[in-house]
Amino acid sequence: MSTATAAQNDHKEAQDFMPINGTDYLELYVSNSKQAAHYYKTAFGFKSLAYKGLETGSREFESYVVEQDKIRLVLTSPLKSGTDVGRHIDKHGDGVKVTALWVDDATYAYQEAMKRGAKSYMEPKTEKDEDGEVVTSGIYSYGEVVHIFVERKNYNGTFLPGYKKWESDYQPTATGLKFVDHMVGNVEEGRMNFWVDFYANVMGFKQIMSFDDKDISTDYTALMSKVMSNGNGRIKFPINEPAPGMKKSQVDEYLEFYEGEGVQHIAVATDDIVKTVSDLKSRGVEFLTIPTTYYDVLTDRVGEIDEDIESLRKLGILVDRDDEGYLLQIFTKTVQARPTMFFEIIQRKGATSFGKGNFKALFEAIEREQELRGTL
Ligand code: FE2
């Protein structure tokens, strides 16, 4: 074998030891799964997919699964006191527990991660029902978040073994949410590089972007962020840590109210952000607002875009451009009792970045919310 071929193979192996097809599902531990499911259906346009609870023989936990295009949310609550799910909710409030990753071989993915220093959450196990079998395994990430590897190539059922189809007469029309674009974690000050190294060494991810406190700061608050991506780019995990600022940053506020590290926001992609956001607003989803002066200089900053600026101004949609194109994005207010997790709606028109040009306007909008909460 020539040196060039060997180098190529090394490179290929470095890229491929953890092939991931995409996000399989996100599981949130919530205090009232039945009502949370109704919220995600009514407000965000998800549809009922699957259910697990007393009727299926699950005596401790109840889970509702809702789906929109490629996005699946599992909403889980305990049915009794003293469970680990209940303890998680007591400590953190509602939040993301599981980021499930769709792989071809969940045993191999687990072994590769463990070999490289992952902490085990769940050894590979096979579950079967009349629709086939699914292999799952799991490892810990930051805070109490876990990654579950899901191998479903031999399964034709609705969701996973143990779940039944959730039949519902109420199936709202979708709002155009298509897939998870990226999912952001907040970690403690000084821990960002630890988790960057974890994703690089244990999961084979590459760092594709980095922002320091000079990029991400206002007069008051600052944070640092690095973006980790898997080989095919379908999984992107930006990781934030707070940076010293004059006042408490949004990451500090999150860490205080979540009582630890966790998922800050889930960015979901749409092909028509003006339509999606109009639709979400009419269903009661609340978004951060941006001063209308943002739009006075928008064309100077990002050049010509396809969308009507007046529609963007009305909805508060932000725009940013990079070398490859532009993107449109907007952020919801936090979606549970505690000021912790929120959603981003994003439409990419070539751009592969994360809206650096909007950070200042965005963080000032978040500070206005923090001010109201008395947490700035
Ligand atoms: Fe984002």
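Every residue, even glycine, has its Cβ placed from backbone N, Cα and C.
All annotation found in TrEMBL is predicted automatically rather than curated by experts.
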What does TrEMBL list, out of His147, His265, as binding the same Fe cation as His182, Glu344? His265
For Fe cation, residues beyond His182, His265, Glu344 with C-beta within 8 angstroms of the site's Cβ centre include exactly Asp181, Met183, Val184, Pro238, Gln264, Ile266, Ala267, Val268, Phe331, Phe343, Ile346
Using DSSP three-state counts, the residues of the domain 'VOC' (22-152) come to 34 helix, 63 strand, 34 coil
Taking DSSP as the reference, which of helix, strand or coil describes Glu344 (Fe cation binding site)? strand
For His265 (Fe cation binding site), which residues of its chain lie six or more apart in sequence with Cβ-Cβ distance below 8 Å? Met183, Val184, Phe331, Met341, Phe342, Phe343, Glu344
